[in-house]
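Feature list (source: TrEMBL):
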- 358-384: region 'Disordered' (REGION)
- 51-73: transmembrane segment (TRANSMEM)
- 94-115: transmembrane segment (TRANSMEM)
- 135-153: transmembrane segment (TRANSMEM)
- 165-186: transmembrane segment (TRANSMEM)
- 206-233: transmembrane segment (TRANSMEM)
- 253-274: transmembrane segment (TRANSMEM)
- 294-314: transmembrane segment (TRANSMEM)
Amino acid sequence: MEQAGNSDEGRGINLMSWTWIAAESDSGGDSAAGADFDIGSIGGPVMTAKISGIVGLCLTSFLWIIVSWRLFYHYSSWCSNCWHYRVDGLTVKRILHGMLWTTMVVEGVAYGVMVGTNSSNKLTYALLDIIGRGILEYWTFIIGTAHWFNVIFQARSGDKQSALMLYPVILAIVTLGVTVASIFEAVDLLSGVYSTVDEFRENSHIYRIALLVESVGWGIHAAVVIICGVMVYGRISSLPTFSQVRSEARRNIINKMIIPMVFCALSYALRAGYLAADFASRIVNPDTTFEAGVGWWVGNCWLPTLIPSTMLLYSIRKRDRDRGDGVPETFLHSPISESHADPFQSLYQTFRDYDDEDEAVGSKNGTVQSRSLERRVEGATPTG
């Protein structure tokens with residue numbers, strides 16, 4: 001009996017010991033899990049290089065197919081209705097398509113290497129983050145914004161020329177800064193000082209400077225695009241003959257010009273926010289990172305690439321055309337015509353790139369132009 005009691009007591013002690021050990025293990029596990037969650041929750045669940053590479057490769061391939069089609073469309077002359085309106089040589093639209101096509105090729109190669117090697121190495125980082133997003137994407141989207149400012153300039157918005165040219169100059173300076181920072185970042189990455197990309201991100205001061213410069217650059221770009229949209233909206237809404245268009249058609253006319261700018265500005269601001277947050281995390285707590293989670297890939301990499309690319313392709317979908325459509329070149333640039341002609345005519349000619357390609361130019365009378373533009377927005381195709 002005494003031996004049985006000692007055995008039961010021993011089993012009780014052992015049970016209590018195992019219970020205590022299990023409790024300590026659970027507590028430690030919860031603590032570790034909490035620490036991992038705190039770090040990982042910054043950018044969301046961690047994505048492997050292979051998964052992020054597959055998703056990125058699919059999105060990039062989709063954009064590459066669309067850009068290739070549009071690039072061929074802009075350079076081809078197989079258009080029986082508008083071949084005599086075509087412009088030979090390089091134009092802003094063709095340069096933008098070419099830059100976007102090159103960007104998709106570079107980023108597609110980087111994503112393909114990530115899928116093949118199941119890792120993010122120096123090559124993929126240099127192609128994707130530095131050359132792809134840091135240089136090519138920024139230059140491409142800057143060209144799109146420059147095209148919009150050129151549209152405003154041709155429309156004779158009434159703003160002072162110095163004020164109108166100020167924003168493109170600002171963008172040029174910022175673009176130069178972002179490009180120089182990206183070049184220094186690439187040189188530092190490939191210098192051989194750092195063995196891995198993670199070590200480069202943790203210890204490189206140039207990397208942190210590049211993060212800050214790119215964040216400021218994308219933020220300024222977003223602000224300038226918003227200003228451009230406000231200028232376009234103010235110019236359109238102030239036209240005397242614009243009030244003759246029905247409210248539904250008037251709303252459609254504004255939306256077709258403003259919506260791409262709004263989405264582009266939001267995308268640029270989103271990327272600027274993620275880059276700024278990553279920079280702040282590197283300063284406050286170098287162990288934390290935004291660059292491994294779903295949030296980083298979606299908010300900084302994929303959406304700010306997919307949305308502006310799609311919006312710009314929609315905005316510049318028309319072929320370039322010369323002045324051989326019956327409208328004299330001096331109509332837009334002559335001071336006499338600017339002071340005496342219908343102001344809606346000037347804006348109408350400038351923004352005709354947003355209408356269907358096979359449409360007639362229309363009458364010089366303001367009312368007729370308003371009705372013609374209204375039919376275009378509603379999808380009708382006038383004859384003649």
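First residue shown is number 1, and so on along the chain.
Glycine is no exception: its Cβ is also placed from the backbone N, Cα and C atoms.
Automated prediction, rather than curation, is the source of TrEMBL annotations.
Within the same chain, residues 134, 138, 141-142, 145, 148-149, 151-152, 157, 159, 167, 170-171, 174-175, 177-178, 181-182, 184-185, 188-189, 200, 254, 257-258, 261-262, 264-266, 268-269, 271-273, 275-276, 278-279, 282-283, 304 sit at least 6 positions outside the transmembrane segment (206-233) and bring their C-beta atoms closer than 8 Å to a C-beta of that stretch. Sequence-distant neighbours of the transmembrane segment (135-153) (same chain, 6+ residues past either end, Cβ-Cβ under 8 Å): 92-93, 95-96, 99-100, 102-103, 106, 159, 164, 167-168, 171, 175, 178-179, 182, 214, 217-218, 221, 224-225, 228, 231-232, 235, 261, 264, 268, 305, 308-309, 312, 315-316, 350-351, 353.
Long-range Cβ contacts of the transmembrane segment (253-274) within its own chain (Cβ-Cβ under 8 Å, at least 6 residues beyond either end) map to 141, 144-145, 148, 215-219, 221-223, 225-226, 228-229, 232-233, 236-237, 242, 245, 290, 295-296, 299-300, 303-304, 307-308, 311-312, 314-315, 351, 354, 373, 377. Remote same-chain residues near the transmembrane segment (94-115) are listed as 49-50, 52-54, 56-57, 60-61, 63-64, 67-68, 70-71, 74-75, 121, 123-124, 127-128, 131-133, 136-137, 139-140, 143-144, 147, 305, 309, 312-313, 316, 320 (criterion: CB distance under 8 Å, separation of at least six residues from the stretch ends).
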